[in-house]
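Lifted from TrEMBL, the feature list:
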- A:6-28: transmembrane segment (TRANSMEM)
- A:101-123: transmembrane segment (TRANSMEM)
- A:155-174: transmembrane segment (TRANSMEM)
- A:197-359: domain 'CSC1/OSCA1-like cytosolic' (DOMAIN)
- A:370-642: domain 'CSC1/OSCA1-like 7TM region' (DOMAIN)
- A:372-396: transmembrane segment (TRANSMEM)
- A:416-443: transmembrane segment (TRANSMEM)
- A:464-483: transmembrane segment (TRANSMEM)
- A:571-601: transmembrane segment (TRANSMEM)
- A:627-644: transmembrane segment (TRANSMEM)
- A:719-728: compositional bias 'Acidic residues' (COMPBIAS)
- A:719-765: region 'Disordered' (REGION)
- A:741-757: compositional bias 'Polar residues' (COMPBIAS)
Protein chains: 2
Amino acid sequence: MATIRDIGLAAAINILSAFLFFIVFAILRLQPFNDRVYFPKWYLRGLRSEPSRSGAFVKKFVNLDFRSYLRFLEWMPAALRMPEPELIDHAGLDSAVFLRIYLIGLKIFVPITLLAFSVLVPINWTNDYLEKSHVVYSNVDKLSISNIPNGSKRFWTHILMAYVISFWTCYVLLKEYEIVAKMRLHFLASEQRRPDQFTVLVRNIPPDPDESISELVEHFFLVNHPDHYLMHQVVYNANKLSKLVKKKKNMQNWLDYNQLKFDRNPSSRPTRKTGFLGLCGEKVDSIDYYTSEIAKLSKEEAEERERIKITTKSIMPAAFVSFRTRWAAAVCAQTQQTRDPTVWLTDWAPEPRDVYWKNLSIPFVSLTFRRLVTSVAFFFLTFFFMIPILMVQSLANLEGIEKVVPFLKPLIEQPLIKSFIQGFLPGIALKLFLIFLPTILMLMSKFEGFIALSILERRSATRYYIFQLVNVFLGSIITGAAFEQLHTFIHQSANQIPKTVGVAIPMKATFFITYIMVDGWAGIAGEILRLKPLIIYHLKNFFLVKTEKDREQAMDPGSIGFDTSEPQIQLYFLLGLVYAVVTPFLLPFIVVFFGLAYLVYRHQIINVYNQEYESAAAFWPDVHGRIIYALVISQVLLFGLLGTKKAAQSTPLLIALPILTIAFHRYCKHRYEPAFVRYPLQEAMMKDTLERAKDPNFDLKGYLLNAYIHPVFKTEDDDDSAAGDQEMETILVPTKRQSRRNTPVPSKYNGSSSPSLSEVVRELP
Amino acid sequence: MATIRDIGLAAAINILSAFLFFIVFAILRLQPFNDRVYFPKWYLRGLRSEPSRSGAFVKKFVNLDFRSYLRFLEWMPAALRMPEPELIDHAGLDSAVFLRIYLIGLKIFVPITLLAFSVLVPINWTNDYLEKSHVVYSNVDKLSISNIPNGSKRFWTHILMAYVISFWTCYVLLKEYEIVAKMRLHFLASEQRRPDQFTVLVRNIPPDPDESISELVEHFFLVNHPDHYLMHQVVYNANKLSKLVKKKKNMQNWLDYNQLKFDRNPSSRPTRKTGFLGLCGEKVDSIDYYTSEIAKLSKEEAEERERIKITTKSIMPAAFVSFRTRWAAAVCAQTQQTRDPTVWLTDWAPEPRDVYWKNLSIPFVSLTFRRLVTSVAFFFLTFFFMIPILMVQSLANLEGIEKVVPFLKPLIEQPLIKSFIQGFLPGIALKLFLIFLPTILMLMSKFEGFIALSILERRSATRYYIFQLVNVFLGSIITGAAFEQLHTFIHQSANQIPKTVGVAIPMKATFFITYIMVDGWAGIAGEILRLKPLIIYHLKNFFLVKTEKDREQAMDPGSIGFDTSEPQIQLYFLLGLVYAVVTPFLLPFIVVFFGLAYLVYRHQIINVYNQEYESAAAFWPDVHGRIIYALVISQVLLFGLLGTKKAAQSTPLLIALPILTIAFHRYCKHRYEPAFVRYPLQEAMMKDTLERAKDPNFDLKGYLLNAYIHPVFKTEDDDDSAAGDQEMETILVPTKRQSRRNTPVPSKYNGSSSPSLSEVVRELP
């Protein structure tokens with residue numbers, strides 16, 4: 001039983017460790033040789049270049065200006081200083097709106113915390129139920145609802161508070177939905193011309209024995225949208241080609257690495273073995289080997305390119321169809337084209353950067369099947385993931401290791417090492433699984449066949465949230481694996497479930513407080529250090545980088561990672577809302593989390609992250625919906641808890657709460673969601689008219705010609721069009737941030753993580 | 001415990017009574033003076049006129065041709081003879097597709113019955129579980145699943161059968177959905193020009209201080225649909241005017257009645273009292289009184305007409321907007337117009353006959369509120385309707401009556417009358433409620449604010465079905481009022497519910513067999529007699545009819561009444577599917593019901609009913625969905641039943657069944673439902689192109705000018721445009737039915753039941 005003092009101590013330790021992280025970060029970020037790790041966003045935007053090229057050699061790597069170390073927390077106010085409109089210009093609407101999630105957290109929980117501490121805490125504290133009941137309790141419990149005797153009139157306060165909290169949360173959510181919808185519409189309205197505004201993705205084009213796909217598309221749209229059709233771009237199945245290109249790139253990296261090695265040490269030519277992973281087989285000269293491999297791959301690639309262009313088989317029954325006006329594209333995207341609702345399916349084309357090309361070649365008919373398979377797989381993943389892990393754990397014990405690697409036996413038989421392994425091994429399978437979980441979920445979404453990165457991320461986020469809800473939240477409250485819970489729940493009365501969970505909630509408060517500190521506070525502080533990109537950048541820099549261009553590719557700015565970070569925030573919303581009435585003592589920890597996270601992510605978004613796409617905050621309905629669900633869960637659990645506390649006369653009042661909340665959700669959905677799904681004709685018409693007036697002779701066809709070509713078809717003219725990048729970007733707003741030290745240098749859009757997508761952009765005039 | 005012999009006896013009685021109905025019907029329909037009751041459809045289509053005007057006086061009223069009585073069942077083959085395409089021409093697609101619901105019943109249940117009797121019945125019969133168990137049982141139970149001992153291997157047959165039945169039902173449903181979708185699309189494609197093809201209903205037009213609604217609409221669509229906008233028609237709030245018109249019509253009826261009375265008996269002028277319901281107050285001359293009342297109302301009406309035209313208040317923020325092409329209307333109906341998704345809402349305009357004008361004047365903002373109120377009201381109606389009825393019953397007892405009307409005391413104290421009242425009174429409140437239930441549900445739908453009759457009927461049908469499911473089906477299985485069940489269910493484990501219901505199912509088989517015979521067979525046979533319209537027609541004919549036109553108005557052809565008859569059919573689907581595996585003995589009764597109902601309704605649709613609107617089978621997704629739900633319910637209940645029979649190893653197999661069924665439903669929804677909701681652009685474009693080629697100089701504006709004017713504004717020129725009717729109708733297909741006796745006579749579209757709607761049609765050129 002943790003007392004307030006214990007928790008205070010833990011908090012102090014966690015705060016100190018966070019502080020330590022910040023100090024390390026402050027030191028690292030000031031070193032010029034880390035500049036590209038901590039400020040990649042500015043490089044990518046071309047607003048920063050290599051610091052101080054002239055000057056002493058040492059200065060190039062280490063910052064010797066000691067005054068700068070004194071101001072080691074200066075990034076905090078700096079992160080807050082950039083106003084929101086500038087942030088949108090700088091990092092895109094997605095990032096700016098993502099930060100608003102943390103802000104909502106603060107907006108919801110700061111007033112709730114103040115209210116709860118001024119009302120609920122005194123009411124809970126001034127009871128002596130726990131003292132009388134002779135159970136073991138800590139003073140944290142004395143602050144919680146557990147301290148109220150059964151059937152007490154004081155529960156009315158808690159019910160009232162539940163109402164106040166629900167109304168306040170809904171009010172904040174409503175306002176926020178309104179603001180974000182407005183921001184999105186404003187963003188879309190003020191955007192420059194973009195290819196996806198004119199383009200619709202047509203899928204499942206029915207085969208025709210007499211016409212090729214391309215002719216078919218042209219005829220269909222010339223007939224059915226006669227005044228509006230402009231052009232189209234068929235979709236090739238270039239997955240094999242992409243693989244070849246990727247392989248070649250990999251070989252090129254190895255060649256570069258060996259070349260560099262040879263340059264540094266000209267006495268010995270590097271060698272490698274030709275077998276599996278270079279571990280066995282014949283020894284050959286590495287440079288020669290890779291050069292010949294690359295030549296072979298280049299030939300294969302050229303053949304594949306030829307094959308795709310000649311055979312009709314590689315043309316998928318899908319096409320990007322562009323129209324003369326935004327109005328016509330909006331019309332085509334929102335209407336049904338033919339009698340049969342499963343063919344000629346039209347939908348907005350994703351932004352070219354956002355297209356997930358690989359999935360465009362999935363036959364449409366298999367999508368339903370894929371969706372079913374993924375749902376079933378996800379269900380089993382969520383509820384039964386513990387089974388294989390338990391199996392692995394039972395295998396990966398000391399005896400197992402001794403059997404497989406008998407020569408280690410004397411080593412691991414030593415008491416210290418033995419106890420370490422025994423304590424460590426059972427956990428490692430679980431930890432590994434949890435680390436790879438987002439990747440697994442992303443693979444699931446990819447298998448499901450979505451065609452845009454933004455949709456993939458949103459889908460993974462939903463699944464991750466459900467997983468956390470079941471396994472972290474419920475799993476911690478009712479200890480036991482999820483599949484055991486499932487069994488219990490099925491055999492329980494429907495209205496028994498909230499009671500079972502509700503009763504356990506107050507007991508787990510201290511656990512979740514610790515969880516928030518370790519996972520939340522420390523995790524956020526660790527995020528700013530960027531340890532993994534730091535190491536990888538320096539490794540790459542040392543082994544691969546030859547030219548300035550290579551160095552740019554070695555930068556990995558990363559992105560917000562909506563699919564993992566958003567579900568994490570949602571977990572804190574859930575904890576906050578559930579414990580607000582039950583154990584208000586948990587609330588300050590949530591508030592600190594949101595405040596810290598807001599600071600850190602704002603800094604990272606300004607200086608580090610580089611979004612791969614811009615969905616104009618299309619994720620907001622998901623965020624809003626999940627907070628609502630958290631609210632409903634909290635209400636149902638409170639209902640269950642009070643049910644066992646014999647505060648029976650309050651039941652009807654508490655039933656009304658989730659009903660009202662869901663009604664509110666439906667209202668919001670109806671009122672604001674269309675802004676995130678559809679494109680109103682009036683807006684389209686306005687932009688069209690404006691553009692016609694401003695630029696009547698614009699060559700739209702030329703502009704759209706190469707917009708939706710598979711990225712691998714563009715790599716050929718990689719170099720000569722690199723300068724084209726800048727034109728695509730919005731006009732740079734002069735910024736006064738101190739990070740902008742030098743004049744703009746042409747730079748590539750994207751890090752090495754997904755080069756294929758970024759290259760699309762370059763083609764645009 | 002009813003044995004097979006008891007049931008056979010009951011069946012014989014019911015068959016005989018149905019036969020009696022048919023004989024009475026055969027006699028009545030052959031009497032010339034009933035001709036307009038039993039063949040109104042032919043009068044309305046103008047294909048039949050008063051029989052044999054010349055000839056003996058008696059012949060005008062009574063059929064003396066005795067040979068025709070011998071062939072008293074001849075209507076049955078006659079009803080089947082009209083082929084479906086002709087039926088569609090004759091009665092519309094709605095009616096033709098409605099008949100297909102009965103056909104589906106036959107298609108599903110005839111093979112299932114054969115299979116069940118050849119497989120399940122022997123398997124059930126050849127056990128002796130019931131004999132050994134020493135419980136009271138009948139031989140019906142020996143044929144049912146109850147006769148299989150717990151944990152028997154024979155249950156595998158039942159599980160297999162459940163699969164076969166589910167697959168067969170789904171297969172029939174799939175085929176049927178395909179056929180109906182095709183029929184609908186063909187019907188829409190081959191239809192003549194209709195105003196609703198070009199028209200969109202715009203609702204919730206935001207107010208503008210500078211422009212009137214009419215100007216606002218014109219400007220908005222000129223800007224946002226510049227090449228396509230043709231014209232618009234604002235919506236007036238003419239509810240008060242409609243009321244006045246209706247009142248005047250009523251007064252006119254009374255005047256006619258008194259005039260006729262006076263004509264027949266010129267010696268005494270009829271009088272009436274001016275007070276409440278003509279029961280008290282001053283005595284006046286009736287003819288003078290009604291003449292003056294009508295004059296007063298006419299003046300009021302003229303004033304109201306003027307007021308509507310002058311004041312802007314009576315213009316609602318809604319409009320019917322017409323476009324130059326069907327393509328443009330399809331585009332406008334399917335897209336979002338402005339940023340704010342709650343204003344400028346566009347949707348297909350219902351057919352002019354189908355518009356429910358009264359609800360067009362409901363402010364859009366109140367619709368959400370109305371929906372909420374109706375849902376809550378319906379919930380309470382379904383689960384708590386017994387409470388007020390129990391209260392009424394407790395009041396309406398013998399003592400209560402004696403208190404209110406003490407002078408009746410000596411009479412009702414007599415033993416015979418007393419026992420009659422005591423047996424009869426408690427039931428009467430319930431019976432009255434059930435008779436008025438469809439009206440109550442329709443009022444609810446009207447309150448909810450739907451703007452088309454077809455939607456109102458569909459909505460009421462859904463509610464009626466749910467009510468029957470809860471109160472007839474579940475209520476009969478688990479005896480006890482619905483609110484008591486609700487209480488039990490809430491406090492039960494979620495997976496306990498199917499068990500509770502499932503176990504009770506076999507026991508209730510005989511009850512439902514009786515129900516099918518009494519409610520189904522006799523009800524259907526009664527339907528063909530049309531007792532109520534017969535009486536009303538003759539009353540009207542005697543008291544009110546002066547001219548031929550009056551006689552036409554006195555006809556009440558009625559309509560299918562989708563809102564009541566469809567839920568009734570669905571109940572039989574549910575019973576059939578639930579009992580197919582459990583007690584196959586029930587199936588033949590279902591099959592007879594469907595066969596009989598198909599015959600009777602086909603006859604009625606050909607000869608009697610006159611649909612008020614044509615929705616082109618828009619109700620099909622509802623029908624399909626409800627059969628699927630019935631199937632899922634049957635699967636879940638079987639699952640519950642087998643759960644108690646200790647056939648535990650079969651559980652996973654049975655869980656898969658509802659999941660597969662729901663997946664099938666989603667597939668169907670995705671595949672076919674759009675055909676019932678949206679209008680594909682290709683179709684629209686085809687029709688537009690064809691029409692442009694055929695009739696390039698057609699004056700569309702003139703055609704649409706008065707299409708969507710409130711019917712009360714049209715009654716003024718009632719008489720001079722009556723001939724216009726015929727043009728609107730599709731070209732009459734020469735029919736060879738024997739019912740067509742004379743040359744066509746111009747006739748009105750509609751009976752007296754809803755004259756206001758029919759008049760819309762007349763305006764069209």
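Each residue's number is its place along the chain shown, starting with 1.
Using N, Cα and C of the backbone, Cβ positions are placed for all residues, glycine too.
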Mean of the pLDDT scores, which run from 0 to 100, over the domain 'CSC1/OSCA1-like cytosolic' (A:197-359): 83
Best-contacting stretch, by C-beta pairs under 8 Å, relative to the transmembrane segment (A:155-174) and drawn from A:6-28, A:101-123, A:372-396, A:571-601: A:101-123
Chain residues in Cβ proximity to the transmembrane segment (A:6-28) (below 8 Å; excluding those fewer than six residues from its ends, i.e. six or more beyond): 34, 37-38, 69, 72-73, 75, 138, 140, 510, 513-514, 517-518, 521-522, 524-526, 528-529, 534, 589, 596
Range from A:372-396, A:571-601, A:627-644 with most C-beta pairs under 8 A to the transmembrane segment (A:101-123): A:571-601
Cβ-Cβ under 8 Å with the transmembrane segment (A:571-601): same-chain residues at least 6 beyond its ends: 4, 11, 18, 76, 79-80, 98-99, 102-103, 105-106, 108-110, 112-113, 116-117, 120-121, 124, 140, 143-145, 158, 161-162, 165, 169, 465, 468-469, 472-473, 505-506, 509, 512-513, 516-517, 520-521, 524-525, 527-528, 560, 565, 626-627, 630-631, 633-634, 637-638, 641
Residues of the parent chain within Cβ reach of the transmembrane segment (A:627-644), under 8 Å, 6 or more residues beyond its termini: 104, 145, 155, 158-159, 162, 166, 169-170, 173, 497-503, 505-506, 570, 573-574, 577-578, 580-582, 650-651, 654-655, 657-658, 661-662, 664-665, 668
